[in-house]
Amino acid sequence: MYKYLNQINSPHDLRRLKETEIEVLSKEIRRFLINSVSKTGGHLASNLGVVELTLAMHTIFDSLRDKFIWDVGHQSYVHKMITGRREDFTTLRQYKGLSGFPKRKESFHDHFDTGHSSTSISAALGMASVRDLKREDHSIVAVIGDGALTGGMAFEALNHAGQNKSNLLVILNDNEMSISQNVGGMSNYLSKLRTTPMYSKVKGDVENLISQIPAIGKTMVKTAEKAKDAIKYFVVPGVFFEELGFTYIGPIDGHNYNALCKALKQSKNISGPVLLHVLTKKGKGYSLAEASPHDFHGVSPFKVDSGKPLSNKDKVTYSDVAGKSLIELAEEDQRVVSITAAMPAGTGMTGFSQRYPHRFFDVGIAEQHAVTFAAGMAAEGYKPFVPIYSTFLQRGFDQVVHDVCIQNLPVTLLVDRAGLVGNDGETHHGSFDISFLSCIPNLTFMSPKDGKELRAMIKYAGKVNGPVAIRYPRGSAGEVASELGEEIITGKGEIVYEGGKDVVIFALGHMNDVGLKVCRSLQEQGIKATLVNPRFIKPLDEYLILQQAHRCKRIYTIEDHIKIGGFGTQVLTLLNDNQINKQVKIFALPDMFVEHGNVEILHDFYGLSGEKITESIIADFVSNASEKMMMSR
Ligand SMILES: Cc1ncc(C[n+]2csc(CCOP(=O)(O)OP(=O)(O)O)c2C)c(N)n1
Ligand SMILES: CC(=O)[C@@H](O)[C@H](O)COP(=O)(O)O
Ligand SMILES: [Mg+2]
């Protein structure tokens, strides 16, 4: 079935194949990827686009000695396939299975872990600098997409690399797409490079030509220099990168294996940093993905013929609710705008962007900028909302502190993908936001138990004249009724289930679902439990928490977040400050990076499933009862 693919046991095997055989191999790789990812889910379109590029890199370089750094890393599947991990693709992104991103612990061919965007050039430059200090001579290659190039870190690194002068190859994989359509001035500049009449002109020819312009006399020299510069700007391809100190090669057809090999070889002989501009098609070889690369960027299992997902995708997600609620708010309040850092669809904002194109801003993969941009708008009297994944907000921490909260500006962070996200794993779980946000003065911080409450919280945020954050998870928000849900009052929680005084459970946000199951199971065992939805992480509903803590024998908290600095520790501090000396058990994630896998499996493993929590609470009651018996003897 896979004539040539089956012959590739290591990258060295590539060098035995002829050009025509590489062409067939490329098709086989694409067929393998489509079939395999259609069963497991994963990042498809980006990988289909880099087949020839990856093969050429492995032909010209030796990935055990030379170091490839894949930006974001979602396009590293082909690299994984030909570095001995093809068999593992049945387990892709599953619990204990193959990671969807490069992992140093997975293979000696992976030299740097990625997942968040725009880190590759910095990491590559760091490695190149050590190589130079040690006087070693291997190659370092960063592969960065046009989307990832919109991230500030990439520019910071280009700026440094141009001056540093270390030998370093940056391959710019330009497919004119981020997850959605790419945006920004750099993206426009790359489009111009694609269409320049100098398309394949080698820059040396042009520079030669320029150097032949005669310069006579002092004024003439100056004029000639100016003219040279002007000409250079018009005719030297990639002058932006050239001026930064890079040698620019390209653009090269990224699906032409021979041309790629030639350009990679050429780059090896150039001293200093080189930028190789490669043009590829996202989704190449799968017509549905070529036509709609956005839909096949990250997929759940799907039918290959139709491209339709296998499972029912009609569930309303928290992101959907956020998008709809923001449209409603924008209707009422002209000052409401929405800002995304390259995640319009993932954050549920497609509808908003269509409805209010002039009030919607996609700033590229630039979370820091997104937050400060929002602060600027807020300072001018607008009400910016920033829907952003919890994990990517980590990038914007200082901006939240320095630009939003110190000035007490009315920016609302819609912290999507809070808690464990599942298959993307440790780089993407949203398990730190409570720790890093709740310590910031002026911020109001909430978490809804369901979609209905999210809608109410967004409405409430619209009225707050200061910074607000609302955290909610990836996935289904349950049924969202058309009415708004209970009114949100600052610092007020609610009792969700009144079962009695043996146990009180404070469950944060979506963990109320679990909390409810636990209460019912405990009830069956004769343990009377009450469930409280605190709604607010900041300010805490101190009255309700203290009241319930006084009244109940045992106190538990549940959150989809790490324990350190989380919601439970704040409850603990409150009780301590109020001299309530009862034992509190915090159900939260441990102090470690949680691996990839299905969220239910992970929650169960880390003791956050209804079953595990119920068992643990019952065990407390049993051990307490036996302690009492021992003491009475
Ligand atoms: C800091 C950060 N923000 C957002 C993302 C989400 N994200 C993953 S891939 C991607 C688009 C990348 O586009 P590009 O680099 O051009 O790669 P392509 O998929 O087009 O090959 C985005 C926005 C991320 N991984 N990291
Ligand atoms: C690679 C990356 O960062 C994104 O593609 C991410 O995987 C999207 O996650 P969601 O599927 O939760 O939108
Ligand atoms: Mg791209």
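Along the chain as shown, residues are numbered 1 onward.
Cβ coordinates are placed from backbone N, Cα and C, and glycine is handled just like the others.
Annotated features in TrEMBL:
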BINDING   HIS74, GLY115, HIS116, SER117, GLY147, ALA148, ASN175, TYR286, GLU367  thiamine diphosphate binding site
BINDING   ASP146, ASN175  Mg(2+) binding site
DOMAIN    316-480  domain 'Transketolase-like pyrimidine-binding'
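All features noted in TrEMBL, drawn onto the structure.
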residue: HIS74; record: thiamine diphosphate binding site; Cβ contacts under 8 Å, 6 or more apart: HIS43, SER46, ASN47, GLY100, PHE101, GLY298
residue: HIS116; record: thiamine diphosphate binding site; Cβ contacts under 8 Å, 6 or more apart: VAL72, THR391, PHE392, ARG395, THR427
residue: ASP146; record: Mg(2+) binding site; Cβ contacts under 8 Å, 6 or more apart: LEU172, ASN173, ASP174, ASN175, GLU176, MET177, SER178, ASN182, MET186, SER187, LEU190
residue: GLY147; record: thiamine diphosphate binding site; Cβ contacts under 8 Å, 6 or more apart: SER117, MET177, SER178, ILE179, ASN182, ALA342, GLY364, ILE365
residue: GLU367; record: thiamine diphosphate binding site; Cβ contacts under 8 Å, 6 or more apart: ALA341, ILE388, PHE392, LEU393, ARG395, GLY396
Cβ neighbour count (within 10 Å, all chains shown) around ASN175 (thiamine diphosphate binding site): 23
Close-lying binding-site residues around ligand 3 among HIS116, GLY147, ASN175, GLU367, where CB distance stays under 6 Å: GLY147, ASN175
Contacting binding-site residues for ligand 2, chosen from HIS74, HIS116, ASP146, GLY147, ASN175, GLU367 when the Cβ sits under 6 angstroms of any of its atoms: HIS74
Integer average pLDDT (0 to 100) for the domain 'Transketolase-like pyrimidine-binding' (316-480): 97
Maximum Cα-Cα separation in Å among residues HIS74, GLY115, HIS116, SER117, GLY147, ALA148, ASN175, TYR286, GLU367, which the record lists as binding thiamine diphosphate: 32
DSSP-derived structure type at ASP146 (Mg(2+) binding site), helix or strand or else coil: coil
